[in-house]
Amino acid sequence: MPYQRRQPTSSRGSLNSWRKTKKQPRESRGTSLLNINNVSLLNPVYKSAPALRKILLTNDDGVGKYGLWVLYEEIKSLGDVTVVAPESARSSTGMSLTFHKALRIKKIMIRGKVAYAVSGNPADCISLGIYRILNGRKPDLVVSGINEGDNISIQAVYSSGTVAAAVHAAIMGIPSIAFSLHIPENNWEERREIKLRMVKAAEVAGRITKWLMEKGLPEGVDYINVNFPYEIDRKTDIEITTLSKARYNDFIIERRDPRGKPYYWQWGKLKPVTEFKPGTDAYALFVEKKISISPMSLDTSVKASENLLEEIRRFIKS
């Protein structure tokens, strides 16, 4: 699940323009999914891309979730897919690793396929998947999703278990990609319709995964975060995006238990779409109704100027 609140009951460019080139006219931006195999997704300079054969598939919604298995059906022909996912929902756990208690792995059958259910979080699934289930062999690719709900903005990337699985894999030097499907707030109970949308999203996710396996990640990109609009179909355009800062305005809800003692819900109000800047993931998804593809780097530090360094040195030594 994404950084998603539910009512408590308990640099812009299309795939074929993601380069440091002169800005194209707006009408030329975006590309149909029908052409995805004929376009250059990122820079023309790629890391060495060996033939990818071993794929580790995970999520944060739980090993039995529909989005995981429709994605499995789309990528199973691309290599040897091993499914390792949490035994139950681990939404918004971020890259939390379990050190304070023992973890367990259960080998189970779902839809006639072998899967491994882990009693931990998505990042735990990556570690156990590699060092125990795959006996130390790193997969050629880690795929996470399809998540029920979008993972848009920096706010979501740092909290999402779905994205965290891709991040943890990237830290290990494994190419990875996370897929999420936006579900409007008023559509969460429409389970049949959500499944239909998942099927459409999975078809596109399969094609993007195939592209990644053939090309490898571009230089400077450690993993990719993909978000599908609820209105997804084969004609939906693609936008290469940066991250918006936050999707929600946070606040705390206070309640009282029968003894009068306070307890709290962390909550958030969706920001108006007018607050999202063009070129960001939120703008592409919510305003333009496009597929947002965000190339991500693990290094979030920035280079400080020499003037700033000297100022800090003088202040410390004074």
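Cβ coordinates come from backbone N, Cα and C, glycine included.
Marked as region 'Disordered' by TrEMBL: 1-30. Sequence annotations record features per position, and here TrEMBL assigns compositional bias 'Polar residues' to 1-18. Under the heading domain 'Survival protein SurE-like phosphatase/nucleotidase', TrEMBL lists 55-249. The divalent metal cation binding site feature in TrEMBL is assigned to ASP60, ASP61, SER91, ASN147.
Of all the binding-site residues listed here (ASP60, ASP61), the one with the fewest other CB atoms within 10 A of its own CB is ASP61.
Fewest other C-beta atoms within 10 angstroms, among the binding-site residues SER91, ASN147, are seen around SER91. Confidence over the domain 'Survival protein SurE-like phosphatase/nucleotidase' (55-249), given as mean pLDDT on the 0 to 100 scale, stands at 95.
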